[in-house]
Structure formats: C-alpha cells, structure tokens
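Since the structure comes first, as structure tokens, the remarks are kept for the end.
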Amino acid sequence: MKILSLRLKNLNSLKGEWKIDFTREPFASNGLFAITGPTGAGKTTLLDAICLALYHETPRLSNVSQSQNDLMTRDTAECLAEVEFEVKGEAYRAFWSQNRARNQPDGNLQVPRVELARCADGKILADKVKDKLELTATLTGLDYGRFTRSMLLSQGQFAAFLNAKPKERAELLEELTGTEIYGQISAMVFEQHKSARTELEKLQAQASGVTLLTPEQVQSLTASLQVLTDEEKQLITAQQQEQQSLNWLTRQDELQQEASRRQQALQQALAEEEKAQPQLAALSLAQPARNLRPHWERIAEHSAALAHIRQQIEEVNTRLQSTMALRASIRHHAAKQSAELQQQQQSLNTWLQEHDRFRQWNNEPAGWRAQFSQQTSDREHLRQWQQQLTHAEQKLNALAAITLTLTADEVATALAQHAEQRPLRQHLVALHGQIVPQQKRLAQLQVAIQNVTQEQTQRNAALNEMRQRYKEKTQQLADVKTICEQEARIKTLEAQRAQLQAGQPCPLCGSTSHPAVEAYQALEPGVNQSRLLALENEVKKLGEEGATLRGQLDAITKQLQRDENEAQSLRQDEQALTQQWQAVTASLNITLQPLDDIQPWLDAQDEHERQLRLLSQRHELQGQIAAHNQQIIQYQQQIEQRQQLLLTTLTGYALTLPQEDEEESWLATRQQEAQSWQQRQNELTALQNRIQQLTPILETLPQSDELPHCEETVVLENWRQVHEQCLALHSQQQTLQQQDVLAAQSLQKAQAQFDTALQASVFDDQQAFLAALMDEQTLTQLEQLKQNLENQRRQAQTLVTQTAETLAQHQQHRPDDGLALTVTVEQIQQELAQTHQKLRENTTSQGEIRQQLKQDADNRQQQQTLMQQIAQMTQQVEDWGYLNSLIGSKEGDKFRKFAQGLTLDNLVHLANQQLTRLHGRYLLQRKASEALEVEVVDTWQADAVRDTRTLSGGESFLVSLALALALSDLVSHKTRIDSLFLDEGFGTLDSETLDTALDALDALNASGKTIGVISHVEAMKERIPVQIKVKKINGLGYSKLESTFAVK
C-alpha cells in the first residue's frame, strides 16, 4: 500500500483547504521528507487526516460522529479528509467529510459523508460507513489497528514493548499480531473436555434411573385390554340402536308442532285480509286518477317556470341600473386624474430642462473611481518598492566575503551539479555504513549455523526417546482405562443387581441364573482408579514435555533456516552493495574505496556548495536592486500621466480635481446629482405611462351615463370589466323578456289539454279528481298490500297441506326394534346417557393400560439409546482428554505461550534484518532462561550480550525502529507497505545520537520506502532537504502550510 496524495480542510488548527501530492516533485525524487514546525502547530494533524479519510477515526480521537466532532476547526462549518492510495498498481480515493446545519459554525453537526472510489474511472465502490470500512480493509489488507501499527509508527510505544515485563510483552504481542486465538483454542479444549465429562456423568445417572415392567405385569395388562375392547364393541351397538329410536321420536314431535304452527298462520292471513278491505276500496278510485296526473303536473311546471323568469327579469333590471351608475363614476374619476397628471408632467419637464447638465456624467463616476483607486494603488506600490530597494541594499551589504568569482550562470550550473550529486553522496554514505557490518555479520552467522546444527541433532535424539516412552505409557493408560470403565459400568448396574432373585429372569438378558452377582459386589474400583490417575498425569506430563521439545526443535530448525537464508542474503547483498559502490564512485568521478575515510571529501563538497550559495545570493540581490529601481521609475511615470489625464477630463465637465484622500466624498456628490436627475426622469416616464392608461377609459366609456347623486370611491383598473358587465346585463334583459312570452303561451296550452282529459274521465269536475288523487308512493303501497295479502293466504294454505302429508308418511316408518307406543323422548335420552357413560369409563381404562405399556416400551428404548450414548460420550471424553493434556488449560495459557514464543522468534528475526540495514553493530535474540525476554548482542564487542534496559537513547532508538519496522512487516504480511510515517520525538536526542538516527533513516530510504518524519528539530532541516513546513499564525490560534499546498 502506498499513499499517493492527501487533501484536508479545517482540521484542528489547520484552517482552510490543503493538498499534498506525493507523486509530484520534490517528493517523487526524494523518498525521505520531514514534517516540521513548532510544537502545537499541527504536524500530527496531517497523519490524523490520513487515518480519518481511510478509517473515520484517529489515534488521538476515536469518536467522530454526528453527535461529536472535536477535529473540526473552531468557527468553521465543514471539514474533510481525502486520501488517494495505491494497492497492487490500482489507485483508489478514500473520502470523509462533515458539515454543520445551514453551513453555519453554530449549526448542528450533520451525518458524515463517506466514499471509496476507483481513481481510474471515478466509480464509487462504497458510500456507507460500514461498507467502506470493510472494503478498505479488504483492498489494503489492513484494518485500522494494523494500519496504525504498520504505516504510522511511534518509537515511544515500541520502547515500552522493548522494556516491558514478560506478561506485559505477551499482552502486547497478542494485541499487535492477533495471536489471542491460540489462548481461546487452549481454553476451549479445556472446557470441551470438562463439558464432555459432565455429560457422561449425566448419561450414566439417567441410565441407572430407568424402571421397566416385569413380563407378568405386561401379560396381565394385555389381557385386561382385550376384555375392555370386547365390551366397547357391545356398547357401541346398543348406543346406535338407542340413537335411532331417539331420532324418530324427536322428528315426530317436530312435525306435530309444525302442523299446529302452520294452521295458526292460515287463520292469521284470513284475518288480515278482512281487516284491509277499507283501504282496498280507496284504491279503486285512485287508479283512474293516476292517468290524469301527468296533465295536472304539466300545468304546475309551466306556472313555476313563468314565475321564475319574471323574478329573473326584476333582478337583472336592478343590477343593470347599479352597474351603469358605477360606469359613469369611473369615467368621471378618470377624466379628473388625467387633468392632474398632465399638470405634474409639465412641472417635471421644466426641472429636467433646467438640470440637464447632471445627465452628462451619469456613467462617469465608475471610471473616475477606478482612476482614483489606481492612483492610490500606484502610490502604495511606489512606497513598497522603495522599501524593498532599501532592504535589498542592506542585505547585500551584510553578505560575508567570498573567494569565488563566477558568473550567475556558472553558479547555477555548479549548484545544479551539487543537487544532482547529493543523492549519490547520501547513497555513498549509506553504502559505506552497510558493507563492513555485513561482512562481520556473515562471519557471525557461520559460527551460529554450526552451533544450531549441533543442537538440532541433540534435540532430535531426545525427542525420539521421549516419543517411545510416551507410546508405552499411552498403551498402559488405555488398558487401565478399559478396566476402570468396565468396573464403572458394573457399578452403575448395582441397583438392578440388587433386584435380581434366584430363579427369576434378568430383565436385560432373560437368564434365570445370576452366578456373578456376588463377585461384582466384591469389586474394589479404587485401586485401578488410582493407577489410572497416576498414568494420566504421567502421560499428560510426557505430552507437555514432548510438545515443548517439539516446539523448541521447530524453533531451532526455523532459526537454522533463517540463519542460512540470512547468510545467503548477506552474500548477495554484499555483492550488490559493492557493485553499487563502484557505480556511485564512477558517477561522482572519484576513486574512494569502501574502507576509506570519506568524511574529508564530504566536508570539502559541503564547503564548496556553501560558497556557491553565498555567491548565488549576491547575484540575486544585485538583480533585485536593479529590478526595484526600474519599478520605481515606472510607477512615478504612471502616476504623473494619470494625474494629467484626469485633470483634462474633469475640466470638460466644468469640475475641479479633488484633493488627495477626498476622492470618495467628491464621487459621492457627483453620484447623488446623477441619481437625482435619473429619479426625476423615471417619475416623468411613470406619469406618461399613467396618462396613456387613462386614455382608453375616456375613449371607450360613454358620456351619456347619468352620474350618481352620491360619489363613491372607485377602482379605475376594473373599468373594462364594469363596461363589459353593463353590456352583458343589457343582453340578458332582452333574452329574459323573450322567454317570458314563450312561457305564458306554454301554460295556456297545458291548461287546455287537462280540461279535455278531465271531461273524458270518470270524474265530474276538477274537485272530484283532486279528492281521489293519491301520491304515487301511497298508491304503490296499497297495490303492494293487496298483492301481499293474497300471496300470504295462498302460501299458508299450501303449507298446511304439505305438513299433514309429511306427518302421515313419518308415522308409516316406525322403527322395528320393539319401540313401545307409550315411550317418551326423555326415557330414550336417559338410556342413551347411561350407555355414553359406560363407553367413557371403558375408554379411560383402555388409555391407562395402553399408557403403561407404551411407557414401558419407551423406557426400554431409552435405556438402549442411553447405553449407546454412554459409549459414544466415553470415546469423546478420551479424545478431548488427550488433546487437553497437550494444549488445554483453563485460562488458555499453555497454547498461547507456545504461539507467542514462535511469534517473538519471527519478530526478532525480522528485526535483525532491519538492524543489518540500519546499523550492522547490534542484533536481537531471545533469552534462553525466559520465554518472552529479549536481549541485545553487540557484534563490535565480541558478541557481548546486553540487557535492553542498558541501551543509550540512540541505541534504543535504533533497536526500537528495527522492532517497529519488523512488526510492520509482521502485521502486514499480506500487504506490501511502501509508505511509512514516523511520529517521533527527535527533540530528546543529543547531536551524536541524532546523526545516528538520521543515518539510519537515510539507509532505510535507500531500501525504496517513502518515509515521512514529524519533527521540529533544526538539524532535521539540514539533513532532510524536502520538508512540509507547518507554520503558526500569530494571535489567531490557527496554522498553515506553504502556499504551494493551498487549494484555491
């Protein structure tokens, strides 16, 4: 994984938006750069931004959400962090941002917005928090914990690891490398073994508690069940006969009751028909009157229509008179306003003619303002250039004397050559510090390989002997365990053996002979159980010792392989480094050898470069002084020319040039005069528009309308609507008068038609017709009543006949079971209830017997199943017991410590590789007496072994940095790490130790990694030319980067 660029906005003290592109110069050609600035300026904020963009949290602040954000710069409303990174040649962009409501600093925090996109095509791969975190971890192979331990390194943390106690070091190893799974496995094996033993004891207790029926009990219950079954069949037959008789009698009673009800219904229907005769008589006259109803209703409709039309005529006349009066008022007011407006128009025309000169400079103030502003700006620039000229002359006079006499071009060429050779010089220093330590380390490895090979042979012999002993003891344990299990199984059947009687069959095997009962009762399981416990302890101890020995042998084998690989790697590295040395010296055109002292040559190069830089500064200052003089002359000429041009322009308008610093008030006066003239012009245009609006009113509305006696306030804008309303009402008045004539004619015609129909009817006059006339609803009800009465009488008569026939047919089908003629329904129901009760008692007895038989069968099946489960569980207990003896423990310590030891061996091996690259003097190794203790080997002091607590600051830094890089490789074993950021406190190191640390960083840079170091130490600025400078802004509490990193 490689960080390509970083963009951030408003984070902590870094206010504003900034972007650092690590793919561009100067980062592209310099893999080592420093992040410098005073304490508290915000250097670590850059690393916080990287973590925030990728994982939404930082090492200093783990909670950034909608409810809390302490990262956002105060008095701002938004913040963001964006990182572009590369994994396996593919570039991705991780983005995080948050803003406040209404985009105001006091607004509530909103939900953060996140994105993970592919840079090649801009496709968004994830935009939800959980999805983005999971996809980032999948792509990079690093979650937040591994990222902050592999790409963001802090020396202080690993110094704590170096000097920690074994228990603390074990916890740190487990946290950093994820080996906690081994402790969980160890504890799980222990718990599984314990659980299996508990389950076996439960099964054995269940098997001893199962009770079975004797054969005699089973035979007796089976015979009783057969008797009850025969009795049940007889009761069911009797129940069916009794139910049949009860059904026949019940049906006969129902038919007799129904015949009585239907005879009563017939009598009631005849009575209701007799009662309705007066209403039916009125119906005979109402039906002829129905035929005349349409003629009568037509007369009523025409009379109502005529009355409605005449009412409308009256309403329209009233509205027409009112609207015409309103139209006359509107015309009167329009004429009056037109006269007043024309008088105002004449007054405005007079004022505009008198002040016409204001119009001439209506558009000039903007140009005058620009010229006045330019004059002020030029005067300020003139003063600045004069100050810069004085400052440059002072700097030139303060420069130290130099002996070089080169032109500016020659100086630039020489400095460029030094810049090109600087990486080569740094590379030469790194190579010089690597070749000699590698030669010494190679000799040490040869001796170490011989010693480890001899130790490997000895451990193999010891392991083979221990395996033979373990095999013998395991066989003895299996034999004793079989005996103990047999004794335990015999012991669990003690309750059943106590129930055995001579001559009685065994419930399990059926035998009537029990010869071994007394022998079983005389068993003493304690002796074999003691042997079993002793053998289990001995096998467990041999297993643990064998596992430890195997682990030691594996560690020795791996150490041997690592030493051989390291020796081969060192030989290849030595050859490669020698070739690089020759290439570098050839490029520098020097003849130095790897073992020569190169410091005098380096000092001479530095002094020559310093002289060149001083001479370059002198040439640069001389050029600045000439340029400043030219600028001063140019600005003086511009000020004089613009002053003359302004004076000429204002004279043409009869205006005088304002005094210096009074331009704004002078411009304000001119602007007010121009605005005053324009305001009067706008008022004149508005008056003319208003007069034009009144003209159509006066031309359209007639003068013949009579004015109302009392004038009212009118709205002139509605004049057209009022006029159109007058015309519409007049047209409506004429239409209604025509409708009135037609309605009167229709009424006369309807009256004549009714009179003719009345003469042809059964009625003598109109009064007789009205007396017989009924409303349609009443007439329909009477007709429906007559029809209902007739239908009700016929239906009742039919039902009486049908019921009599049904009763006669039922009596012909009397049951043939000897049913007496005098028996009642109650007697049959009583007999049927007795039969039901006997059946219930029979069924209950059968159920009890069947349940006893089923329970006995279930118990026998349960006992057989339990014996099978006991056998299976016994095997599981043995399997888990063996595994528990090897790696199991209650707290998970046994397997965890073994895994942590292997992890520490791997970490020490990787750290030694890093130490060889950084500085060939020191190596790390595990203490033989302590499981997780490490010590330092000083190869320059005859491989003297030292405790890590005795290291100096510089030595501790080198070892801690090697451990940090090794742990980075260990944590990120599936992901290549090409970028490292060291948040290290170099300020506590002395000058000599600081030089050692910087040499180590140079050597690390030569390995191809991009390294960023946070520091505020001045010596860092000289040794690391590429820097990201974080500067405080005095008095504001904010910081900033250089302008090249600002996003505009």
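Cβ atoms are placed via backbone N, Cα and C, with glycine included.
Over in Swiss-Prot, the protein carries these features:
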{"type": "BINDING", "residues": "GLY37, PRO38, THR39, GLY40, ALA41, GLY42, LYS43, THR44", "note": "ATP binding site"}
{"type": "COILED", "residues": "191-402", "note": "coiled coil"}
{"type": "COILED", "residues": "438-502", "note": "coiled coil"}
{"type": "COILED", "residues": "528-648", "note": "coiled coil"}
{"type": "COILED", "residues": "671-695", "note": "coiled coil"}
{"type": "COILED", "residues": "770-880", "note": "coiled coil"}
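Among residues of the same chain six or more beyond the coiled coil (671-695), those with a C-beta under 8 A of the stretch's C-beta atoms are 334, 337-338, 341-342, 344-345, 348-349, 351-352, 355-356, 358-359, 361-362, 365, 716. Counting other CB atoms no more than 10 Å from each candidate's CB, the binding-site residues THR39, THR44 peak at THR44. For PRO38 (ATP binding site), the count of additional Cβ atoms within 10 Å of its Cβ stands at 12 [all protein chains shown]. Sequence-distant neighbours of ALA41 (ATP binding site) (same chain, 6+ apart, CB under 8 A from its CB) are SER13, HIS1016, VAL1030, LYS1031, LYS1032, SER1039.
Under 8 Å, Cβ to Cβ, and six or more positions away along its own chain, LYS43 (ATP binding site) finds ILE35, THR36, GLY37, ILE1014, HIS1016, VAL1030.
Mean per-residue pLDDT, taken over the coiled coil (438-502), amounts to 78. Fewest Cβ neighbours within 10 Å among the binding-site residues GLY37, GLY40, GLY42: this applies to GLY40.
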